[in-house]
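Asks: Provided herewith is a single structure, encoded as structure tokens, for subsequent inquiry.
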Amino acid sequence: MATTTHILGYPRIGEKRELKFALEKYWRGEIDQAELKQLGAGLREKNWNTQTEAGLSFATAGDFAWYDHVLTTTLLLGHTPKRHANGFPDLDTLFKVGRGQSQSGCGSAGAAASDMTKWFNTNYHYIVPEFSKDDAFEVSWPQLFEEVNEAIKAGHKVKPVLLGPLSYLYLGKEVEEGFDRLTLLPRLLTAYQTILSKLASQGVEWVQIDEPILSLELQDKWADAFKLAYQVIRSDVKVLLTTYFDSVSDTLDKIVELNVDGLHIDLSASPEQLDEVIAKLPEHWVLSAGVVNGRNVWRTDLSTQFARLQPVKERLGDRLWVASSCSLLHSPVDLDLEPALSDEVKSWFAFAKQKVTEVALLGRALDGDRNAILACETYSQPIQDRKTATHVNKPQVQERLNSITASLTQRSAPYAERAAHQAEVLGLPLLPTTTIGSFPQTGDIRVQRSAYRTGKLSQTEYNQALKGHIADAVKRQEALDLDVLVHGEAERNDMVEYFAENLAGFQTTKFGWVQSYGSRCVKPAIVVADIEREKPITVEWSTYAQSLTSKQMKGMLTGPVTILCWTFPREDITRKEIAEQLALALRDEVSDLQDSGINIIQIDEPAIREGLPLKKRDHDAYLQWAVDAFKISAASAKPETQIHTHMCYSEFNEIIDSVAALDADVITIETSRSNMELLKAFEAFNYPNEIGPGVYDIHSPNIPTQEWIEALLKKAAEKVPVQRLWVNPDCGLKTRNWDETEAALANLVSAAKKLRTELA
């Protein structure tokens, strides 16, 4: 019998973001629900055909979502938040939960969207389920069953995928005090029984049930709940229990006791778990080996994976399945849409469509197909060639990396000395006012950027247009009487992509989009070689802006860890090494900025916290190199050069030591929505440097009043000495318009001026 091959899921957005554009048309009222559903059906059909035509044993159904697969599960379970429930749920119900509903919408009262948060340690976001003690679950949303029928009628052998009951509960939150959401499990399991029975009646043989929390360090109460859950939901379908993103070493002894028929493990994230899993695998279970990495863009070394899995095949026989490591949701759709890439670079990559082919080819090779074995060897050759390419592994970069010592991470003076130098050089008032960096990306800016990229504007013409926007931003800030100005970042489409386009070692794509949430997609750059800065990146823009004003101009950089976390990294070197390469490049930029007369430089690190590994025991090692990378970037600054960093998190307690270890002169943080509660972590830690707690929620169109900002600043002054407080918005203002921005900043400046007298 042939080796069973499958993937855990396929991108839902379409090759050219067709779903994104259709959703946004629907939300604007430009197409109706029938047209939207027709487009969705076409995307699903294409995805299933890709899998079946490649030779996979199963086509995966249930991976399509109009907004988010966790939200789809919420509706499947009849668990719509009460504020959005309105009889039988439909697509509009789903969108209200994900996006919220304004007061004027549909003639009804407004209702807030459910929270959104990161899906484990990926850059995908899910809609957080909400739980109350009286919640009931009733299968009422037919999408899964309809899509299974679609696939069966189209002639595909279907494997539905379903988020498991324990992961669904774990990933949610209680919205009332005094109860534990785990107590809802018995009620939830009844709904899962109904789902599996329905799938069995449709002729389904195998169901993929995703329980990614089995890769975490679970509390005993959660780990112990699995045995009951999988006894109760047992039905006539076979269950493949699916884990990903890390090893199951902490939960394996619990897993092998479960009443299921197979286990999927992520061998890309954790290859070392294979031997232990095989040793403990129950005799009747299948083992799905996730060897094709679903989280990246790199071609799989099929020759190496064949050699690795061949003895497993000999031992397990037909019980060995071959699969992607996780859903291909996290990979761009199709490499064939990138004709501009060189043949060499293209030979290094595999996007979702190509990864499907990899899984199928490896399966045939394990079945002894000689042509497939030879094809695996040929396919893997570019990976071997790349290892010795000097334009990938650059001697000059390696030499700099080898020269990194502890002294390279240290500023030349401690904070107290630096603060005295900076006070003298900068001449700033009490409660200095500034912004986080970006100003509104107007329609004019976007039109001019597009014209430049399509050749309709020359480099000179584009630069002149950008200087016009910078001059306008400086003029507006001076009129507002802000103390520290920024140039506004008109030249940047994205805070990471801009640096990727200007550093050697990156590759950008045209259609390398992946879903972030809902209709929002991102196009991460790809680290393809050792990273170095060949010329200054931001100096021209910052110095031009400084030439227009006598006030201090802040240079703006994206930090090394954030660039790393928001790109596709290399697989052949460690993340630590990539971060160090980025840090050295940014260090040179810091030196050039200060030598050009820029006295304040901000190095944004919004992603340090989200880069944390899933297992807490791995946190310290990560935080050590992440902090060191930031410090390498900043340590070339002279004592009189003030280094800022910006972070936007909802929780600082677990990383406050590391935040302090960054030794930034000023940290600006997002606090307005928490009413300054986030400052408790800094107060308890006795954070020694300067802090700018955000007083303007830039995610909302609401304009904060002067009185509101004053109240927030007074709260902040109770937790942080006023001599160390800055006044600023929560985040950059790229997504706001100028009217909102100027009105809010006028109130911010007025509040700061008033409190300088009161709090002095």
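Note that the numbers count up from 1, one per residue, in the order the chain is shown.
Heads up, the Cβ atoms here are built off N, Cα and C, so glycines get one too.
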Asks: From the candidates Trp206, Trp222, Trp566, Trp708, give the one listed by Swiss-Prot for the same 5-methyltetrahydropteroyltri-L-glutamate site as Arg17, Glu18, Leu19, Lys20, Lys118, Arg520, Cys521, Glu610.
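Replies: Looking through Trp206, Trp222, Trp566, Trp708, the residue Swiss-Prot assigns to the 5-methyltetrahydropteroyltri-L-glutamate site is Trp566.
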Asks: If I go by Swiss-Prot, which of Asp318, Asp592, Asp595, Asp604 binds L-homocysteine at the same site as Ile436, Gly437, Ser438, Glu489?
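Replies: My reading of Swiss-Prot gives Asp604 as the candidate in that site.
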Asks: Among Glu670, Glu707, Glu758, which residue shares the Zn(2+) site with His646, Cys648, Cys731 according to Swiss-Prot?
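Replies: Of the residues offered, the record points to Glu670.
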Asks: Could you work out which of the binding-site residues (Glu489, Asp604, Glu610, Glu670) has its C-beta surrounded by the smallest number of other C-beta atoms within 10 A?
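Replies: Taking Glu489, Asp604, Glu610, Glu670 as the binding-site residues, the minimal 10 Å Cβ count falls on Glu610.
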Asks: What's the CA to CA span in angstrom from His699 (active site, proton donor) over to Arg17 (5-methyltetrahydropteroyltri-L-glutamate binding site)?
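Replies: Pair distance, Cα basis, whole Å: 24 Å.
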Asks: Let me know the DSSP-derived helix, strand or coil state of Cys521 (5-methyltetrahydropteroyltri-L-glutamate binding site), please.
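Replies: Its secondary structure by DSSP: strand.
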Asks: Looking only at DSSP and grouping its letters into three states, which state does Lys118 (5-methyltetrahydropteroyltri-L-glutamate binding site) belong to?
Replies: strand
Asks: What is the Cβ neighbour count of Gly437 (L-homocysteine binding site) at a 10 Å cut-off, with all protein chains included?
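Replies: Result for Gly437 (L-homocysteine binding site): 26 other Cβ atoms within 10 Å.
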Asks: Nearest to His646 (Zn(2+) binding site) in three-dimensional space, by Cα, is which of the binding-site residues Gly437, Cys521, Asp604, Glu610?
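Replies: For His646 (Zn(2+) binding site), the closest Cα among Gly437, Cys521, Asp604, Glu610 is found at Asp604.
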Asks: Cα within 10 Å of Gly437 (L-homocysteine binding site): which of the binding-site residues Lys118, Glu610, Cys731 qualify?
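Replies: Correct set: Cys731.
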Asks: Out of Arg17, His646, His699, which of these recorded positions shows the lowest number of other CB atoms within 10 Å of its CB?
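Replies: Fewest other Cβ atoms within 10 Å, among the recorded positions Arg17, His646, His699, is found for His699.
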